[in-house]
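Colleague: One structure, pasted below without further comment.
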Amino acid sequence: MGKSFLIADHTSSLVIRLVLILNGVFISAAQLNGLMSKIHIVHLGAKQHDTPELVTKSHYQILEPLLGSKEAAKNSIVYNYKHGFSGFAAKLTASQAKNLSVHPEVLSVVPSRVMWPKTTRTYDYLGLSPTSPKGLLHDTKLGSEVIIGVIDSGIWPESHSFNDTGLGPIPKRWKGKCMSGDGFDPKKHCNKKLIGAEFFTEGLLNSEAEYDFESEREFRSPRDAKGHGTHVAATAAGSFVSNASYKGLAVGTARGAAPHARIAMYKTCWRRAGCITADLLKAIDHSIRDGVDVISVSIGNDPPASFDVDMDDIAFGSFQAVMKGIPVVASAGNEGPDAQTIDNVAPWIITVAATSFDRSFPVPITLGNNLTVLAEGLNTFPEVGFIELQNAIELLDTNIEEGVTKGSIVLAFTATATAAKKAHDILEAGCAGIIYAQSVINPTVCNGVDVPCAVVDYEYATDILHYIQTSDSPKAKISPSKTLIGQPLASRVAYFSSRGPNSVTPAILKPDIAAPGVNVLSAVSGVYTILSGSSMATPIVSGIVGLLRQIHPGWSPAAIRSALVTTAWRTDPSGEQIFSEGSTRKLADPFDYGGGLINPEKVANPGLIYDMGINDYVHYLCSAEYDDGSISKLLGKPIKCPYPLPSMLDFNMPSIIIPSLTREVTLTRTVTNVGPADSVYKPLVESPLGIELDVNPKTLVFASNITKGTFNVRVKTSHRVNSDYYFGSLCWTDGVHNVTIPIAVRTKILKSYD
């Protein structure tokens, strides 16, 4: 197989050289080899050497025999991953990558890929108030000892969100640095708030050979040209900024989840080019070395999810971080509301979905008959008075091209792809305003629209349409948004937020948790703006995770995830049920929001945790049928999976997901008491429809010398046909703590055929 592959690759080289020669282009074999080379990431797993120098030396020892010389290996290697784990990124041809993949020390060889960023009042809503005499912020002095590593598009250091007023000395354990570059001077721009700022370009420049920083209006430095990284960093750990506003719209105080935490920015994302995984992996490697408390990654892939611990770079890098006690928080993605669109599904990653919260910006639309409709959206354009109102359905493409919509407001029903394209064409041709009509409102369609924009549902849209059709000269005006705070606005899982179930490992619940990600106010390049996306929800969780690490430094990443899930709100803070926006609105379930909406008031005192260590992750890898050799390289020590293989249903997650229940199954979980020593817990069971749950033992008793308790859950279906998922929960309670995990069960009846 390998020999025939080499022959095929050599034949391709000859064909390409012949074509170039026939076209008058003469090229050497070395030059041709460079043209055919692409960056590949060579995963070696855990480090086998104590010093970075020895780790690097081992990389050359692997690559030199393949390429023929030390010089060739040196010219090929783009990055050495040598701090948190072992591996390297190198320019290799397809045949070289193929041959290297069978090397006994190599875990896997994968091409470097492009990933993309997943693009206040928020914390008052969650109860994370700096004025409270108790709670996370009070107990951690606003997170003053926390270091949050952000992997994104860079940072705008002059923003008021990154001032270091009131901050004490930088934590002594910090080992990172600030790098100089275009428009970025470490002596001027780094301080006791922004303590680290690096940028990584080798993957970018070797993937995008023609990338021009000047024409792309990019900075070859940690400075942020996109604004995304600045927004994320300020949302996680921005300092207090009073009277922040967006385009004249007063919004209030802007701050991060952990306002006195320190920020380390690792820039790996670039205008137009996205985020190159070779660079991203180097950023994770450095963040482990530097001593961050949590890694925040608002980056991901489009569906389908592509998780494999030895093939997916975020999954691999995050695994190594988690093995060293560093939680990794990542976005669920913005490909919702369809099922199975969830990203970052590795079971050691904390995956975050996005919800709305109790602040909105209604847009008044006034018709010529004095009827006023409150639409959704975010309109900061000044009111221009009554102007002509048109119906997009009645417009022909030729009319649009001729500019008949210029100077008019257009009502656009967007139920079909054709109608949505027509609305886009109208915006391109020019109009004075647009009103989107949707069956389920998604106000983010107004993001980036450079004319007054509003969104209404079909009920209001029909009223507007009736007015157009019955008026001789229909007119309307779109007024600037108003700021509405507090009840009666309830939380909803955002339309765009990617949904489960997990398409890669269905027995692992994803997302894990939800946080506000709609209309989040934060800093961007030089100003403040409001953005929506799971990217905005992720740093909220990252900041809270950082606070948890300060208050519970001995907790593992799994313990922290458990505390998030088991204490989460399953209603919004006002007690109202949380709905999920989609083609039809429904009550949210665990595939929409995981354990629920993050609850900072309870998360530091969960009572019990579903903890995991290295043996639990070996359990998972064995149940997922990774071979002994791959697991051994990943962990850096010999591992042999038991036979028969363990069940993934027994993996100690704070959830129970059974994707294919035929009749009956019994599974096991273990909890650790982190509350009062002499605690007694009893189970409260909410069974999914048609499912019988039996928990044993009926009581968990803890004492000073008994900190762990194991229980079994027998799950039996009464369904006689294949079903969809039904949902329930299991809560262990001592009368003070309610330790709740979600349950989802799908019945799959196996039918035999003669």
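Positions of Cβ are set from backbone N, Cα and C atoms, glycine also.
So TrEMBL lists the following for this protein:
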type: ACT_SITE; residues: D152; note: active site, charge relay system
type: ACT_SITE; residues: H228; note: active site, charge relay system
type: ACT_SITE; residues: S535; note: active site, charge relay system
type: DOMAIN; residues: 40-115; note: domain 'Inhibitor I9'
type: DOMAIN; residues: 143-572; note: domain 'Peptidase S8/S53'
type: DOMAIN; residues: 650-745; note: domain 'Subtilisin-like protease fibronectin type-III'
type: TRANSMEM; residues: 12-32; note: transmembrane segment
Colleague: Reported as an integer number of Å, what is the Cα distance between S535 (active site, charge relay system) and H228 (active site, charge relay system)?
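Modeller: Here the two Cα atoms are 9 Å apart.
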Colleague: Name the residue among the active-site residues D152, H228 whose Cβ has the smallest number of other Cβ atoms within 10 Å.
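Modeller: The active-site residues D152, H228 were compared, and H228 has the fewest Cβ atoms within 10 Å.
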Colleague: On the 0 to 100 pLDDT scale, where does the domain 'Subtilisin-like protease fibronectin type-III' (650-745) sit on average?
Modeller: 97
Colleague: Work out how many Å separate D152 (active site, charge relay system) and H228 (active site, charge relay system) at their Cα atoms, rounded off.
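Modeller: Computed Cα spacing between D152 (active site, charge relay system) and H228 (active site, charge relay system) is 7 Å.
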Colleague: From the DSSP assignment alone, can you count helix, strand and coil residues within the domain 'Inhibitor I9' (40-115)?
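Modeller: Helix, strand, coil within the domain 'Inhibitor I9' (40-115): 30 helix, 24 strand, 22 coil.
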Colleague: Across the domain 'Subtilisin-like protease fibronectin type-III' (650-745), what are the DSSP residue counts per state (helix, strand, coil)?
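Modeller: Reading the DSSP string over the domain 'Subtilisin-like protease fibronectin type-III' (650-745) gives 1 helix, 60 strand, 35 coil.
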Colleague: Please work out the number of neighbouring Cβ atoms within 10 Å of the Cβ of S535 (active site, charge relay system), leaving out its own Cβ.
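Modeller: By my count, 31.
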